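Okay, so here's the structure we're looking at.
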Ligand code: NAD
Ligand code: ZN
């Protein structure tokens, strides 16, 4: 089958022939229809330090997708051939304490599809059936293909009650932008988002931000007074991974504020701990999606009117995948979809 493979230690991916994946008795085989390019795939494309120490050469990558079940192991229950599915990219061990308690998102032995095991940029993906998630008919393929990052946005945004709250999101990448739409959908008051990229801030505006702030030009505190905010933000969602964005967030949180951290900063980033202690902030780290509570919420929000379509800005056929990656690298895009023949 065809797949996008990291053939050598360096930038890029190659469209190559690889063996069709093997399937165990608890697995489903998914024929891939559409995939989306994740920030993680960009790290792998660029072959940065993290990618070089994490991804084995010869691996085909990718973990945002929708497809159709074309074969099933004999122990699989609850699915049928032809079911349209996306899937949870974190494959968990099933025997650690958290897995056994039903908190699979906290499994200490998590393995990542398209990172530590063969991925979805391929004609076929083999996946434990327990990780597959059926997509209702009224949700389009393109949206189903981005359930993984939509799930990151959902898990983070729904970590705290947003009803009537003033929410600050730092980082208008695809995930931050989706978080804007979710915060709006569930009833936040002001939803303010920061970035240094105007293309993406415009997109965030279209998705319902009360105010977008280019922190290279504008001061967040000025925007707060313009909005009549006197005390500070109630909830912060850090979605940039940029240390200065997190520092800035801590400065404008209200006392008793709640902060969820999704963005991945350099390992030993320093902050002013006095902001955390004397303000009594609550800080929560977010990894992946809750299995599978996040997935049910994602479906429910789309079915109750959440519109994520503006985030889908580019679509390419597989043979134009280089263009797809270049578009994503340019920063002038929302989500980029690759269509499999
Ligand atoms: P992205 O890289 O597309 O978005 C990050 C955004 O932050 C960019 O638009 C960038 O311009 C912006 N930015 C740069 N400097 C800034 C500043 N000073 N203030 C505010 N914004 C600034 O990433 P994404 O795919 O949307 O993901 C968001 C973050 O979440 C990344 O750090 C990613 O690594 C991380 N992530 C974490 C998990 C997890 O499970 N914890 C999962 C997926 C992604
Ligand atoms: Zn486990």
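Glycine too: its Cβ is placed from the backbone N, Cα and C atoms.
Annotated features, as they stand in TrEMBL:
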- 10-338: domain 'Enoyl reductase (ER)' (DOMAIN)
- 38, 63, 64: Zn(2+) 1 binding site (BINDING)
- 40: active site, charge relay system (ACT_SITE)
- 43: active site, charge relay system (ACT_SITE)
- 93, 96, 99, 107: Zn(2+) 2 binding site (BINDING)
- 175, 195, 200, 262, 263, 264, 286, 287: NAD(+) binding site (BINDING)
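Among the recorded positions 40, 96, 175, 264, 287, the ones whose Cα sits within 10 Å of the Cα of residue 63 (Zn(2+) 1 binding site) are 40. In the three-state DSSP scheme, residue 287 (NAD(+) binding site) is classed as coil. The Cβ neighbour count for residue 38 (Zn(2+) 1 binding site), using a 10 Å radius and every protein chain shown, is 25. Nearest Cα neighbour of residue 263 (NAD(+) binding site) among the listed binding-site residues (38, 64, 93, 107): 38. Looking at residue 64 (Zn(2+) 1 binding site) and residue 93 (Zn(2+) 2 binding site), their Cα atoms lie 21 Å from each other. Every protein chain considered, the tally of other Cβ atoms within 10 Å of the Cβ of residue 195 (NAD(+) binding site) stands at 27. For residue 96 (Zn(2+) 2 binding site) paired with residue 287 (NAD(+) binding site), the C-alpha to C-alpha distance reads 17 Å. The 6 Å Cβ screen around ligand 2 retains 93, 107 from the recorded positions 40, 93, 107, 195, 200, ordered by sequence position.
If you compare Cα positions, residue 40 (active site, charge relay system) sits closest to 287 out of the binding-site residues 99, 195, 200, 286, 287. Close contacts with ligand 1, defined as a Cβ under 6 Å from any of its atoms, occur at 175, 200, 262, 263, 287 among the recorded positions 43, 175, 200, 262, 263, 287. Checking each of the recorded positions 38, 43, 93, 99, 107 against residue 262 (NAD(+) binding site) by C-alpha distance, the shortest gap belongs to 38.
In the three-state DSSP reading, residue 175 (NAD(+) binding site) counts as helix.
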